[in-house]
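Working notes, beginning with the structure itself.
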Amino acid sequence: MTIKLIVGLGNPGKNYKYHRHNVGFWFCDALAKLYAGNFKKRTKFFGEVTQINIFNHKIQLLKPTTFMNCSGQSIQSIANFYQINADEILIVHDELNINPGIAKIKSGGSHGGHNGLKNTIKILETKAFYRLRIGIGHPGNKLPIVDFVLNTPSKDELDKIQNALNNSLQVIEDVIKNNLDKVIKTLQKKEII
């Protein structure tokens, strides 16, 4: 397996830019900057796309512009066009059940209530893609989930989320090389609670 497509989940537009639900977009923006990518709107892919090279591997970066709950349409269109299999896709998304400051990677699994993943699984008809889960924490009983994810994190939470994103960027080359055991261990060592 070699990752050929990295998708950051989020909602398009200025109103959503700094919301917790957009950490996937934040990751893709930072990765594009790191590898000299320049996002362009591609209507046939229902998103913004750029191509980067990591270790001579061409990798498509995608930020769907379909809004979170319809992300699968965008992912399917680019995967079909470039003939990318599900196990060659890494989806980066916010994760309620992980504390801010923590990032985890895994293959497969359920959508865990995440509507972007739920739609992607439905459209692709598989769970066999990789996920980079960026912890945003859970509001508990303080706030409805939708209000929590569609809101900006506190300064402390933002610092921790940014740290998890930076740690994830540092291991992306190992992700591309398929050194997932190393990635898992490295991310565990860098957890900030």
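In case you wondered, yes, glycine gets a Cβ from its N, Cα and C as well.
Model, not experiment: these values are computed from the prediction.
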Annotated companion of Tyr16, Phe67, Asn69 at the tRNA site, Swiss-Prot, chosen from Asn115, Asn141, Asn151: Asn115
CB within-chain contacts under 8 A for Phe67 (tRNA binding site), separation at least 6: Asn11, Pro12
Pairwise CA distance, Tyr16 (tRNA binding site) versus Asp94 (site 'Stabilizes the basic form of H active site to accept a proton'), rounded so that it is a whole Å: 14
Rounded Cα-Cα span from Asn115 (tRNA binding site) to His21 (active site, proton acceptor), Å: 11
Pairwise Cα distance for Asn69 (tRNA binding site)/Asp94 (site 'Stabilizes the basic form of H active site to accept a proton') [Å, integer]: 14
Euclidean distance between Cα atoms of Asp94 (site 'Stabilizes the basic form of H active site to accept a proton') and Asn115 (tRNA binding site), Å: 11
